[in-house]
Amino acid sequence: MTERISLTRYLVEQQRVHGRIPPQLRLLVEVVARACKRISFAVNKGDLGDVMGTAGTENVQGEVQKKLDIIANEVLIEANEWGGHLAAMASEEMDGIYVVPNRFPQGEHLLMFDPLDGSSNIDVNVSIGTIFSVLHKHHDDPTTDEPVTEADFLQPGHQQVAAGYCIYGPQTTLVLTVGDGVAMFTLDREQGSFVLTRENIRIPEDTKEFAINMSNMRHWDAPVRRYIDECLQGKEGPRGKDFNMRWIASMVADVHRILMRGGIFMYPWDKREPNKPGKLRLMYEANPMGWLVEQAGGAATNGRQRILDIQPAQLHERVSVILGSKNEVDRVTSYHSGI
């Protein structure tokens with residue numbers, strides 16, 4: 001019988017053998033995983049748990065909040081504020097940062113999260129998920145005792161120390177990187193623990209699948225239109241092969257599919273809001289997903305620049321996102337460069 005390795009054991013071995021995970025970071029990841037279990041149970045209850053529908057409020061982006069958005073946000077805050085592993089948190093669902101109250105010890109890390117990505121799919125029972133990203137506080141001066149401010153969160157994605165997501169679908173699956181490849185853990189509901197089910201996940205460099213919202217085609221910039229036009233021409237076109245389109249309208253679900261079998265995900269800038277660089281959030285979605293994809297051998301850009309090299313100017317900054325199989329992402333990027 002194959003030996004079952006729990007998330008806790010995996011993290012301990014990463015800490016002991018590779019020295020990659022200090023104790024506070026290990027605790028943080030375990031607490032986030034426990035919070036995701038609670039969110040999973042709430043999602044699974046659906047109409048039986050009075051968690052469906054809208055909450056009658058809007059988040060900082062002006063989006064109508066679902067009841068589960070608020071529940072998931074509260075679960076993550078309550079689980080992480082008291083353990084001594086965090087200094088502050090930031091969420092897509094909150095205007096500003098949440099500093100750990102003085103009655104609790106403060107830790108060395110900052111946690112950012114999208115508590116429930118794809119929440120527009122909640123009421124139709126499509127896979128949704130939690131995305132998270134971890135940074136060191138006071139990255140430029142770790143010895144300072146200055147209070148944490150919003151500016152401490154404004155670090156480029158390549159300074160992340162852990163990132164991952166938990167997808168709530170037919171299985172509840174946690175996908176994680178600490179900078180040494182990508183590992184996947186599946187929730188064993190009978191045991192109540194996440195168990196390692198895949199390690200060293202790799203994204204194929206080439207693909208025949210793309211994920212994009214085709215209804216917005218008339219609003220895209222020329223390089224994106226060119227790329228999709230060539231895909232649609234199939235074997236008779238310049239690509240010489242047929243492509244399939246996939247679009248779930250849940251980033252966590254689309255990226256999970258790409259990690260499992262390859263593909264390219266695109267949520268590009270469009271002409272309807274020319275002053276905005278994109279739709280997805282750099283800090284809560286693009287950075288953690290971009291790092292996971294890169295750690296699995298893929299690539300992630302905004303069309304012109306590597307996602308992880310973008311210096312954020314604000315907490316809720318938006319960005320155009322193109323990520324997935326490396327050769328396809330490189331092709332789209334070259335079209336933006338006029339190559």
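Using N, Cα and C of the backbone, Cβ positions are placed for all residues, glycine too.
Model, not experiment: these values are computed from the prediction.
Record note: Swiss-Prot gives D114, D117 as Mg(2+) 2-binding, and the candidate from E230, E236, E273, E285 in that site is E285. Binding of Mg(2+) 1 is attributed by Swiss-Prot to D114, L116, and the same site annotation extends, among E92, E93, E108, to E92. N213 is the residue from N80, N213, N327 that Swiss-Prot records in the substrate site together with D117, G118, S119, S120, K279. N213 (substrate binding site) sits 16 Å from D117 (Mg(2+) 2 binding site), taking the CA atoms of both as reference points. DSSP assigns E285 (Mg(2+) 2 binding site) to a helical segment in the three-state reduction. Residue environment of L116 (Mg(2+) 1 binding site) contains 30 other Cβ atoms, counted within 10 Å of its Cβ in all protein chains. D114 (Mg(2+) 1 binding site) and E285 (Mg(2+) 2 binding site) have their C-alpha atoms 7 Å apart, to the nearest angstrom. In sequence order, E92, F113, G118, G129, T130, I131, Y165, M251, V252, L280, R281, Y284, M289 are the same-chain residues whose CB sits within 8 A of the CB centroid of D114, D117, E285, the residues recorded for Mg(2+) 2 being left out. Apart from the site residues E92, D114, L116, the chain places the Cβ of D69, A72, N73, S91, E93, F113, P115, D117, S119, T130, I131, Y284, E285 no farther than 8 Å from the centroid of the site's Cβ atoms, the recorded Mg(2+) 1 location.
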